[in-house]
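Worksheet: the structure to be examined is printed underneath.
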Amino acid sequence: MSRKPFIAGNWKMNKNPEEAKAFVEAVASKLPSADLVEAGIAVPAVDLTTVIAAAKGSNLKVAAQNTYFENSGAFTGETSPQVLKEIGTDYVVIGHSERRDYFHETDEDINKKAKAIFANGMIPIICCGESLETYEAGKAAEFVGAQVSAALAGLTPEQVASSVIAYEPIWAIGTGKSASQDDAQKMCKVVRDVVAADFGQEVADKVRVLYGGSVKPENVAEYMACPDVDGALVGGASLEPESFLALLDFVK
């Protein structure tokens, strides 16, 4: 089963619209062929319309970093998935460990968001990952498996097959520590095996599983060599055009 590699940058809460536009203009014409690899960037809500306009006609996909699960209503400060679709958003990141930790998002919240994203014709990038404590206790597979099952509950097999699931060990995010190649492969296979158990092997063979956690141009190729790693969700190394483009060099 051939799955197209996907390198997705996550700017987190960085860049104003002017800086965001300059970034897209610097990378848009230099991206590899969309037949070889999918390139995307998850940007702050205030940058979305600017980035979508600047990326038009290029191979760059645009992701929101979060959404609410209702399309409209009295939800002050939230972002409508319906409006995200209307402005041209391709993907939505949900369940990032920073959202789970700082904003107390639950597996149930993330599942509702996944359903809302699909209902509005976009694709979720569903994040999962364990703490250092869970990892050292030898419970990473059990913990991450439960997160994945909960996030996908009630979705159709077709929806799950088109989903992107990003495994990010919390202890490796922004710390400079990264999981070994063996750890990344083992845990991305855990994710795929959970999908197979819940939705069947055919669906599991289609879902794209990304690794995230201190991925850099220097180590991306070793992760991409793993059979169950289909791409990367990248934080700090996606902030500069040169570094972002270098992440895509593994396809050469």
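The first residue you see is number 1, and the count goes up from there.
Using the three backbone atoms N, Cα and C, a Cβ is placed for every residue, glycine included.
Predicted, not measured: the structure shown is a model, and the values here were computed from it.
Taken from Swiss-Prot, the feature active site, electrophile applies to His96. What Swiss-Prot records for Glu168 is active site, proton acceptor, and it gives sequence analysis as the kind of evidence. Per Swiss-Prot, the feature substrate binding site maps to Asn10, Trp11, Lys12, Gly174, Ser214, Gly235, Gly236; the stated evidence is sequence analysis.
Same-chain neighbours of the substrate site beyond Asn10, Trp11, Lys12, Gly174, Ser214, Gly235, Gly236, judged by a C-beta within 8 angstroms of the site's C-beta center, are, in sequence order, Ile173, Val234, Ala237, Ser238, Leu239. The binding-site residues Gly174, Gly235, Gly236 differ in how many other CB atoms lie within 10 Å of their CB, and the one with the most is Gly235. Around the Cβ of Asn10 (substrate binding site), the same chain contributes Ile41, Ala42, Gln65, Val93, His96, Gly212, Leu233, Val234, Gly235, Ser238, each under 8 angstroms and 6 or more positions distant in sequence. With respect to Cβ neighbours within 10 Å, the recorded positions Trp11, Lys12, His96, Glu168 differ, and Lys12 shows the lowest count. Taking the Cβ of Ser214 (substrate binding site) as centre and 10 Å as the limit, one finds 20 other Cβ atoms among all the protein chains shown. Here the CA atom of the residue listed as 'active site, proton acceptor' lies 15 Å from the CA atom of Lys12 (substrate binding site).
Counted over all residue pairs in Asn10, Trp11, Lys12, Gly174, Ser214, Gly235, Gly236, the record's binders of substrate, the longest Cα to Cα distance measures 14 angstrom. Between the C-alpha atoms of Trp11 (substrate binding site) and the residue listed as 'active site, proton acceptor', the distance comes to 15 Å.
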